[in-house]
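A.B. asks: From TrEMBL, here are the annotated features:
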type     : residues : note
COMPBIAS : 1-17     : compositional bias 'Low complexity'
REGION   : 1-25     : region 'Disordered'
REGION   : 146-183  : region 'Disordered'
COMPBIAS : 147-159  : compositional bias 'Basic and acidic residues'
COMPBIAS : 160-169  : compositional bias 'Basic residues'
REGION   : 201-296  : region 'Disordered'
COMPBIAS : 209-223  : compositional bias 'Polar residues'
COMPBIAS : 264-296  : compositional bias 'Basic residues'
Amino acid sequence: SDSSSDSGSEDSSLSDSELQEAFSKGALKPGLNVVLEEGPKRRNDVNGLKQCLSEFKQQLAWVERLDVTLGQVVDPISQSASNKDAVDPENDFQREMSFYRQAQAAVLEALPRLRKLQVPTRRPDDYFAEMAKSDQQMQKIRQKLKSKQEAMERSERAKQLRAMRKYGKKVQNEILQRRQKEKKNMLNAVKKYQKGLSDKLDFLDEEQTSSQGNKKGSANQQIKKGPNAKRRYKNQKFGFGGKKKGSKWNTKESFNDVSSFRSKVAHNKGPRKGGKKALNKRPGKRARQKMKSRAR
């Protein structure tokens, strides 16, 4: 079984038909397969490699090739600090810095050679390069960016308005709370005065000063003593107490007093301003209908 496995492993490169044919002829026998200890020979055909190189190599000028070959570029700072010329490949920062210094040194070497060959290395002012994208596509991108910017501005304005409303509500609530507090204090002072617990009328002065507001600095402002405007209006409308019922009844003295009677005025015979139309007379039905139709 071992010999058959060895033979099978050695002849595994052969196809099944070839193995069957060899087995039928009796060519497969144990002990025929020998393992070689020597490795495959490597061929170093130098002449063939040089011939291939000469076939595809082109003798071109350097300006056509623009190849720059440099050795290892040592960082002057790290060299002055320590004599570590080798770059640790596991250190990402050192590896990237070595690439950067290598490219920088190559540019510094290639630029003088290009200037010597009178090859321009700067883009001219009138250089025109066609865009990779069309004008329609760039217009769409511009419109999209503009819409995003406008949306951001609208959002910012809305945020500011919300903050202003919030601040306005806060100020309004503070004013309302202050007014309610002043009103409560005034009502308490009035109750105390009515009950005889206090004989001070300072709350009236406070009410006047609060109603005046910002008018304190005006030159025409005068400190008014006595009841406020609300009290004066009510006094004028309702009086100061006393008898109300029958106050407009006629008396014997008022009945006999005819000094204020004017006959011409009473019978519409006196002089009138504006003629007949000045009478306070209600217009007729037709006139009222015409007035309504004109108003429509």
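The first residue you see is number 1, and the count goes up from there.
Any Cβ shown, glycine's included, is placed from N, Cα and C.
All annotation found in TrEMBL is predicted automatically rather than curated by experts.
Please situate the listed features within the shown structure.
C.D. replies: Using DSSP to sort the residues of the compositional bias 'Basic and acidic residues' (147-159) gives these counts of helix, strand and coil: 13 helix, 0 strand, 0 coil.
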A.B. asks: So how many of the residues in the compositional bias 'Basic residues' (160-169) end up helix, strand or coil by DSSP?
C.D. replies: 10 helix, 0 strand, 0 coil
